[in-house]
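So the structure is just underneath, and the comments pick up after that.
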Ligand SMILES: Nc1ncnc2c1ncn2[C@@H]1O[C@H](COP(=O)(O)OP(=O)(O)O)[C@@H](O)[C@H]1O
Ligand SMILES: O=C(OP(=O)(O)O)[C@H](O)COP(=O)(O)O
């Protein structure tokens with residue numbers, strides 16, 4: 001795999017370089033609540049601008065449905081990128097249209113442009129290869145056939161999408177510094193990790209991540225499950241979950257996992273429940289078998305926090321993805337804070353990954369130095385650890 005250093009060795013002065021970054025940051029309205037992914041993109045961008053490249057950045061925000069949606073505009077990200085880079089970032093209000101074309105044409109050597117959310121174009125995430133390739137060709141047309149492509153969005157390398165995968169097939173391609181660093185750290189977890197090896201899984205991307213568990217379970221000693229992931233397992237045990245997040249089509253899979261690996265899987269025994277998905281909802285603490293029909297589980301309860309912390313205290317290696325509660329609302333943040341504090345207090349080799357998980361560590365006042373590595377990728381890290389072929393990485397090998 002060629003890296004950014006190989007590209008810099010060739011020289012990029014005056015050359016256009018298309019960079020895929022993961023700038024998918026949490027927002028409260030248009031306010032960025034954690035800019036970790038923006039900061040993580042800086043080393044690659046700075047190396048390129050210092051070398052005199054014309055840097056065109058493409059990125060996504062959230063999961064728009066293939067058409068422009070104001071709330072998913074990257075405009076606030078362009079403003080923050082300007083701040084942290086300390087240099088102006090020109091924002092194109094479209095992806096491969098007139099604004100993008102004039103922005104790229106006017107870009108000076110050493111300048112940076114950010115294109116509007118690549119997922120505003122339905123071809124980006126299309127399952128149809130011809131559609132994706134069409135968008136990839138449009139991106140190449142935008143930056144010119146003599147441009148280079150730098151893949152630096154580690155959090156998105158598990159996605160076979162036009163700006164991650166297909167465009168790399170059309171341009172000379174290089175792994176950016178973030179992709180190189182992240183894969184090097186995660187690789188250590190795949191080669192004989194010191195035991196006990198404990199994985200903690202939570203979050204809300206339940207359908208994505210339940211699939212990974214099957215492959216991961218044989219490798220780990222304990223799997224602690226919280227957040228939105230927990231309720232499908234609870235349902236598999238025959239419990240009612242009220243209005244909690246549920247992946248109904250995966251209940252049988254979860255039942256099978258519990259039958260086969262029940263000794264390794266630790267589920268919450270109590271929950272903080274709420275009568276509404278709102279910061280000021282009425283709340284209660286109940287056992288796992290007592291979630292009322294009209295209520296929903298939004299955090300792990302105090303007994304679960306203690307039990308999970310006890311397992312974490314014994315671990316030599318830890319990987320954590322997914323907040324165990326809706327940490328963005330103070331009433332449901334205690335579980336995630338407890339997990340983070342328990343990891344930070346120990347001396348394990350510990351990696352936390354994911355846009356929201358990393359944001360939780362940074363915003364809940366946890367000692368960040370207690371983590372060996374804070375990764376920008378959640379799903380990407382999980383798939384890397386399970387040993388899957390990640391399209392955005394394998395395409396760089398070719
Ligand atoms: N019980 C729950 N119900 C609904 N959402 C939850 C629950 N627990 C956690 N979440 C949400 O999961 C989101 C993060 O999920 P995910 O994207 O999978 O994690 P990451 O970005 O770290 O990979 C957070 O916004 C959090 O509020
Ligand atoms: O936030 C992300 O992943 P994560 O929540 O697994 O960390 C990445 O930006 C990928 O986004 P996606 O899961 O919508 O493809």
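Cβ coordinates come from backbone N, Cα and C, glycine included.
TrEMBL: automatically predicted annotations, no manual curation.
For reference, TrEMBL has these:
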BINDING   22, 23, 24, 37, 60, 61, 62, 63, 119, 159  substrate binding site
BINDING   37, 119, 159  (2R)-3-phosphoglycerate binding site
BINDING   209, 297, 328, 354, 355, 356, 357  ATP binding site
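Annotated features taken from TrEMBL, shown on the structure.
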residue: 22; record: substrate binding site; Cβ neighbours (10 Å): 26
residue: 62; record: substrate binding site; Cβ neighbours (10 Å): 14
residue: 119; record: substrate binding site; Cβ neighbours (10 Å): 26
residue: 159; record: (2R)-3-phosphoglycerate binding site; Cβ neighbours (10 Å): 21
residue: 209; record: ATP binding site; Cβ neighbours (10 Å): 24
residue: 297; record: ATP binding site; Cβ neighbours (10 Å): 29
residue: 328; record: ATP binding site; Cβ neighbours (10 Å): 17
residue: 354; record: ATP binding site; Cβ neighbours (10 Å): 27
residue: 355; record: ATP binding site; Cβ neighbours (10 Å): 22
residue: 356; record: ATP binding site; Cβ neighbours (10 Å): 24
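For residue 357 (ATP binding site), the nearest neighbour among the binding-site residues 22, 37, 60, 119, 159, judged by Cα separation, is 37. Under 6 Å, Cβ to nearest atom of ligand 1: this is the test, and of the binding-site residues 159, 297, 354, 355, 356, 357 it is passed by 297, 354, 355, 356, 357. For the substrate site, whose binding residues are given in the record as 22, 23, 24, 37, 60, 61, 62, 63, 119, 159, the maximum C-alpha distance rounds to 18 Å. Per the record's binding annotation for ATP, residues 209, 297, 328, 354, 355, 356, 357 show a top Cα-Cα distance of 22 Å. For ligand 2, the nearby binding-site residues are 24, 159, 354, 355; that is, of 24, 159, 354, 355, 357, these have a C-beta under 6 Å from one of its atoms. Remark: residue 60 (substrate binding site) has 22, 23, 24, 117, 118, 119, 124, 156, 163 as non-local neighbours, by Cβ distance under 8 Å and separation of at least 6 in sequence. Close to residue 37 ((2R)-3-phosphoglycerate binding site) in the fold, though at least 6 residues off in sequence, lie 21, 22, 23, 24, 25, 155, 355, 376, each with a CB less than 8 Å from its CB. For the pair residue 354 (ATP binding site) and residue 62 (substrate binding site), the C-alpha distance works out to 13 angstrom. Between the C-alpha atoms of residue 356 (ATP binding site) and residue 159 ((2R)-3-phosphoglycerate binding site), the distance comes to 18 Å. In this structure the C-alpha atoms belonging to residue 159 ((2R)-3-phosphoglycerate binding site) and residue 297 (ATP binding site) are separated by 30 Å.
With the fewest other Cβ atoms inside 10 Å of its Cβ, the least crowded of the binding-site residues 24, 357 in this structure is 24. Residue 209 (ATP binding site) sits 17 Å from residue 62 (substrate binding site), taking the C-alpha atoms as the reference points.
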